[in-house]
Amino acid sequence: MLAQQSILRLDATAIDYIIIALYFVFVLGIGYLARRAVSSSLDFFLSGRSLPAWVTGLAFISANLGAIEIMGMSANGAQYGMPTVHYFWIGAIPAMLFLGVVMMPFYYGSKVRSVPEFMLRRFGKPAHLVNAISFALAQVLIAGVNLFLLATIVNVLLGWPIWVSVIVAALIVLSYITLGGLSAAIYNEVLQFFVIVAALLPLTLVGLHKVGGWQGLVDKVTASPGGSEQMSAWPGNALSGFGNSFLSVIGIVFGLGFVLSFGYWTTNFVEVQRAMASRNMSAARRTPIIGSFPKMFVPFIVIIPGIIAAVVVPELAQFKATGSGEVDYNDALLLLMRDLLPNGMLGLAITGLLASFMAGMAANLSSFNTVMSYDIIERYLIKDRPDDFYLRTGRWVTVAGTLIAIGTAAIASGYSNLMDYLQQLFSFFNAPLFATFILGMFWKRMTAAAGWIGLVSGTATAILVFVLSENGVINLPGQGASFVGAGAAFVVDILISVLVSTMTRPKEESELVGLVYSLTPKEQRTEVVLRGDHGWYRRPVLLAGISLAMTIVLNIVFG
Amino acid sequence: MAEKKKAGAFDIRIVIATLVGIYGVVLTILGIVEKQAEIDKAAGININLWGGLGMLVFTALFVLWARLRPIAVPVDAKPADE
């Protein structure tokens, strides 16, 4: 990206810098204010389980609305067009609803403090260790990606060297998380959500006006190298990498929709942690469901600007036509901002990007420190100390995680399409995890040994598919290799788990109450209606139904 | 029980409304004094003005919400079984 400085340099003036600086004052202020609420490790790691559902719901999607999402999805929008919406409408939404309706009662009801801790209670230590370590590793890697992207933006904007930006950005995130813990991260995520919308919505509207409205965009994309298929979501051949339309639909629905996305949204502790921080079972179940409503409209302010950029920004249109040039798809949003926004709104747009990158990184770090402190240090390394000790440990682990993320930022710079890189990581960890969880939650016969053996063999399968596709043995362009890898990992995990379960001894049924569906009494799985949970609009299952219906309508309208 | 605990030390809605409100004022003023060249850049829309006004409306709504439903004391004391 260094060579692109001159092309991408945004024409920021004093007023833009004031807008950016103001935001950082608020971010650090929230960290300071949230500190007053931290008096125990549960306050620090899970916000004392006290937050209202709309706060955790917005934090739930904001934690995911990081650099990878914003830049990666607008890059995908520029490259593939409308099929990118599948990441939201086929991928995210059904999985989020499933988490709220089906899985959250077990997470929240069993009072575990993290997803790996659920693993520990259901499957014992080996599965717990595998899960905790692979999760912690993935989080610092992804935090590195977010950090790197943040630094490139600052590099483009201010001309600061990448390493200076990396360190400054890391210090800001570090200071508010070590001060206020998860509350600071969550409150900042809510603030970030509104800033991101305030930044990207005007950009989208100006962009749409520029191309002559929706019909103008359809005409321009149809005439561009992308062609008309880029303006309809289905069948999305270019995205999935399958030439056959039928296979493409199957690949998207099962690979992306079922395995990858369910794996990500339902077992990723970054997300689940936000719901665990809410004040009761009803609020915990509503967290992902409330989040799904704004989530279904995020594509309009992320993917659409990417599509617009590919037809109105000359450099990007040339890159799309010839495959070479000084810019690439990851620059789509920046180029559009450069060309369309006046000073003032430009500053706000830059703030929105910085906010999103910090949201992502903060989310990674705040879940990393919880898993490291509760699941690895307290459980295996330094046991039975007073709570105060683990609170301090959490703060130091955050510092260590930040340092590692600075290191992994370098890894991220080696990939042209960050989304590909991230999908690979997710297929390693999340798809087999989802298989193990879902089998463990609904099949009481599944044994502890099956838990970890299934997990390891599933992960190994994903890595094998990755290696085969890198060496050209499996030839699927686009995201197809990820879909296949995730699907294979899921199937292998289920098969091996069933096989091992039949040969080993299951856990006592009394130990599985609250963890397995058939052994958990209904009262424990459903919420007691408490003060503040009245009204039809606060009923999780009904809300989920409305969300699902709206998503189906969106799929039909933009199909 | 846990329900009596305050939902955090401060009301995040007011914090959000303050930041967005300041942005709204700044952008609206910029929009009023906007030069034609800047408006042409944004395809003929005075985006600073409209964006700023939109943010002021948002701020008003958030303040209203925070006023109508404060967090510290639960407003409805109805029993759980309606």
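Quick reminder: no glycine exception, Cβ is built from N, Cα and C everywhere.
The transmembrane segment annotation in TrEMBL covers A:14-34 (among others).
Annotation comment: TrEMBL describes A:54-75 (among others) as transmembrane segment.
The annotation transmembrane segment is assigned in TrEMBL to A:87-108 (among others).
Feature annotation from TrEMBL assigns transmembrane segment to A:129-154 (among others).
Summarising the annotation, TrEMBL assigns transmembrane segment to A:160-179 (among others).
Look at TrEMBL and you will find A:191-209 (among others) tagged as transmembrane segment.
Using a Cβ-Cβ cut-off under 8 Å and counting only residues 6 or more beyond its ends in the same chain, the transmembrane segment (A:246-267) has close neighbours at 83, 86-87, 90-92, 94-96, 98-99, 103, 115, 234-237, 239-240, 288, 423, 426-427, 430-435, 437-438, 479-480, 482-484, 486-487, 489-490. Here TrEMBL flags A:246-267 (among others) as transmembrane segment.
The transmembrane segment annotation in TrEMBL covers A:288-313 (among others). With a cut-off of 8 Å between Cβ atoms, the residues of this chain six or more beyond the transmembrane segment (A:288-313) that come close are 53-54, 57-58, 60-61, 65, 69-70, 73-79, 81-82, 84-85, 87-89, 92-93, 96-97, 99-101, 104, 193, 197, 200-201, 203-204, 207-208, 210-211, 217, 220-221, 224, 226, 230-231, 265, 271, 275, 320, 327, 329, 332-333, 335-336, 339, 540, 543-544, 547, 550-551, 554.
Panel annotation: around the transmembrane segment (A:345-372), residues 10-12, 15-20, 23, 27, 45-46, 62-70, 113-114, 116, 132, 135-136, 139-140, 142-143, 146-147, 149-150, 153-154, 157, 169-170, 172-174, 176-177, 181-182, 185, 188-189, 191-193, 195-200, 202-203, 269-270, 273, 333-334, 337, 394-395, 397-398, 401-402, 405 of the same chain, lying at least six beyond its termini, place a Cβ under 8 Å from a Cβ of the stretch. Feature annotation from TrEMBL assigns transmembrane segment to A:345-372 (among others).
The transmembrane segment annotation in TrEMBL covers A:393-415 (among others).
The transmembrane segment annotation in TrEMBL covers A:421-442 (among others).
TrEMBL lists A:449-468 (among others) with the feature transmembrane segment. Tertiary proximity for the transmembrane segment (A:449-468) is limited to same-chain residues at least six positions away from its ends with a CB under 8 Å from its CB atoms, namely 119, 122-124, 126-127, 129-131, 134, 424, 427-429, 431-433, 435-436, 439-440, 474, 481, 484-486, 488-490, 492-494, 496-501, 504.
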The transmembrane segment (A:191-209) versus listed stretches A:14-34, A:54-75, A:87-108, A:129-154, A:160-179: most Cβ pairs under 8 Å: A:54-75
The transmembrane segment (A:129-154) touching the transmembrane segment (A:54-75) per 3+ Cβ pairs under 8 Å rule: yes
The transmembrane segment (A:129-154) versus listed stretches A:14-34, A:87-108, A:160-179: most Cβ pairs under 8 Å: A:160-179
